[in-house]
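Novice: Have a look at this one.
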There are 2 protein chains.
Amino acid sequence: MLDLWFSESHADDAKFSIRVKEHLYSEKTPFQQIDFFKSETFGTFFTLDGYIMMTEKDEFIYHEMITHVPMAVNPEIKKVLIIGGGDGGTSREILRYKSIEKVDLVEIDERVVRLCQKYLTQTACKLDNDNRLTMHFEDGKEFVKRTKNGTYDLILVDSTDPIGPGEGLFTNEFYNDCQRILSDDGILINQHESPYYKDYCHEMKRAHSKIKDKFPISMVYQFHMPTYASGHWLFGFASKKYHPLNNLNADRWNSLGLKTKYYNTNLHKGAFALPNYVIEELEKTE
Amino acid sequence: MLDLWFSESHADDAKFSIRVKEHLYSEKTPFQQIDFFKSETFGTFFTLDGYIMMTEKDEFIYHEMITHVPMAVNPEIKKVLIIGGGDGGTSREILRYKSIEKVDLVEIDERVVRLCQKYLTQTACKLDNDNRLTMHFEDGKEFVKRTKNGTYDLILVDSTDPIGPGEGLFTNEFYNDCQRILSDDGILINQHESPYYKDYCHEMKRAHSKIKDKFPISMVYQFHMPTYASGHWLFGFASKKYHPLNNLNADRWNSLGLKTKYYNTNLHKGAFALPNYVIEELEKTE
């Protein structure tokens with residue numbers, strides 16, 4: 001049997017490896033290196049520039065946590081902008097809400113979408129069969145720059161790490177535009193890196209220090225993501241008006257009857273209770 | 001430079017690896033294979049039968065979560081039994097409470113203690129300089145069997161996985177003895193494995209189904225442990241009387257002024273809010 005392993009470095013001297021049953025596809029686009037693999041434990045997974053973006057088996061955690069937290073705080077959200085998210089998982093979750101009227105998905109690399117439509121239909125399933133969704137293949141930074149004030153109720157930054165094509169999505173300019181194009185009810189959720197390993201923690205602090213200056217409410221919440229570095233991952237919740245805990249109406253969200261595998265409204269509250277060392281690192285930027 | 005990697009399998013086809021600066025020591029005892037390593041990112045760490053038990057850099061998470069959760073629920077705890085815990089980390093944390101009168105540590109393998117006293121003084125520091133602590137080198141299962149009813153206020157099962165010498169600590173007989181030797185105020189905290197990977201999830205369910213039958217209150221709480229499989233780890237909280245949330249008196253614990261790096265009383269509450277799939281797996285045993 002072929003003994004083939006994919007490895008991702010979490011630090012210079014720590015790595016996570018998955019045995020590969022089949023290297024399904026590999027392509028170098030103008031933006032990044034894309035690879036799809038098949039594995040037993042994680043199902044199909046894909047990587048960008050060698051970093052795991054998602055696996056079939058644990059993607060539900062990330063996609064539920066980026067979506068249902070803001071929707072449970074403000075169920076009146078109607079217009080959504082997704083930056084990145086080419087695998088379609090975030091779109092799939094947000095489009096479960098009948099109340100959503102419009103989703104713009106801005107993915108810099110069309111090849112990610114097209115390849116996920118071929119190899120990862122579990123997440124890409126809704127990308128071409130829900131007419132509330134429009135795909136835009138361009139740089140998210142440019143898209144938000146030319147978008148009118150107050151256009152969206154929710155922005156979900158479902159980006160790669162701040163190296164390579166995702167870099168512009170971790171800048172002051174980008175966050176300023178997000179703030180500007182959100183309605184007064186607006187909420188921004190961003191991929192907020194991880195507190196544990198040094199390099200990730202550094203990016204976590206950089207992102208937080210920029211966002212907290214631009215929104216009256218800026219908090220961070222955590223979840224368990226087995227295939228990401230250290231398994232400890234974060235999203236940022238920034239808002240002009242809504243507090244993620246004080247404005248959570250659990251009964252209202254539960255009355256929607258959405259079945260979820262990770263998210264629930266108790267966990268919603270628990271996810272904002274961070275460990276001391278994470279709070280301290282986040283405060284260092286303040 | 002020597003390119004030496006330690007690897008631990010998390011599943012047949014998934015593994016975590018740490019680059020080793022030095023393989024400090026190796027010994028096969030009658031109970032298990034013990035190895036100590038030095039690494040850059042995790043400091044010194046040791047393994048039993050090839051599984052990471054603790055690393056200097058993230059041990060604080062495990063040891064704070066096993067200790068401060070029960071102590072914040074019942075600060076009147078005076079008599080503590082630790083089963084396993086040969087590295088000394090759990091003892092170190094519990095002995096920070098001035099109110100603790102007596103700690104019995106029962107470690108089956110004296111060599112674990114002696115080697116941690118040599119290589120891991122960060123955790124082993126309190127094992128020989130606090131006269132409230134007594135070490136017993138024997139099988140925890142036998143120790144609890146001959147212990148009198150109602151002897152302890154708190155039992156902390158700081159064990160290996162239920163393979164090898166830790167196996168007897170996941171049996172009905174052992175949990176029955178724990179129940180019997182706890183006072184009416186008694187709390188049992190046990191190493192409860194992990195929900196994510198199939199084999200760990202199986203052990204999680206087995207442990208839970210046994211404990212919940214013996215205690216009126218039996219709950220599970222989670223934490224982020226970077227060097228354990230999937231990073232998502234659990235402890236069980238079982239009690240005759242105290243509910244881990246309803247009986248938490250946060251102000252009282254905070255008034256003690258203990259400085260912690262992971263634990264805080266908000267996180268205490270959040271840790272019991274489990275993801276749906278974990279709740280469902282735990283309920284399958286019921």
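Cβ atoms here come from the backbone N, Cα and C positions, even for glycine.
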Novice: For the spermidine site that TrEMBL gives with A:His63, A:Asp158, A:Ser159, A:Thr160, A:Asp161, which of A:Asp35, A:Asp87, A:Asp130, A:Asp185 also belongs there?
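Specialist: Site partner of A:His63, A:Asp158, A:Ser159, A:Thr160, A:Asp161 for spermidine, according to TrEMBL: A:Asp87.
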Novice: Which chain-mates of A:Glu107 (S-methyl-5'-thioadenosine binding site) that are at least 6 residues away have a CB under 8 A from its CB, listed by sequence?
Specialist: A:Gly84, A:Gly85, A:Gly86, A:Val113, A:Met135, A:His136, A:Phe137
Novice: Given the S-methyl-5'-thioadenosine site residues A:Gln32, A:Glu107, A:Asp139, A:Gly140, A:Pro165, which other residues of that chain have a Cβ within 8 Å of the mean position of their Cβ atoms, reported in sequence order?
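Specialist: Other same-chain residues with Cβ inside the cutoff are A:Phe31, A:Gly84, A:Ile108, A:Asp109, A:Glu138, A:Ser159, A:Thr160, A:Gly166, A:Leu169.
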Novice: Just to confirm: which same-chain residues, 6+ apart in sequence, have a Cβ under 8 Å from the Cβ of A:Pro165 (S-methyl-5'-thioadenosine binding site)?
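Specialist: Listed in sequence order, they are A:Phe31, A:Gln32, A:Ile108, A:Asp109, A:Asp139.
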Novice: Would you give the longest CA-CA distance, in whole angstrom, between residues of A:Gln32, A:Glu107, A:Asp139, A:Gly140, A:Pro165, the set recorded as binding S-methyl-5'-thioadenosine?
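Specialist: Between the most distant Cα atoms of the S-methyl-5'-thioadenosine site, 16 Å.
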Novice: Of A:Asp87, A:Asp161, the binding-site residues given in the record, which has the fewest other CB atoms within 10 A of its CB?
Specialist: A:Asp161
Novice: Name the residues of the same chain, 6+ apart in sequence, whose Cβ is under 8 Å from the Cβ of A:Asp158 (active site, proton acceptor)?
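Specialist: Looking at Cβ-Cβ distances below 8 Å from A:Asp158 (active site, proton acceptor), excluding near sequence neighbours, one finds A:Ile66, A:Ile82, A:Ile83, A:Gly84, A:Gly85, A:Gly89, A:Thr90, A:Gln191.
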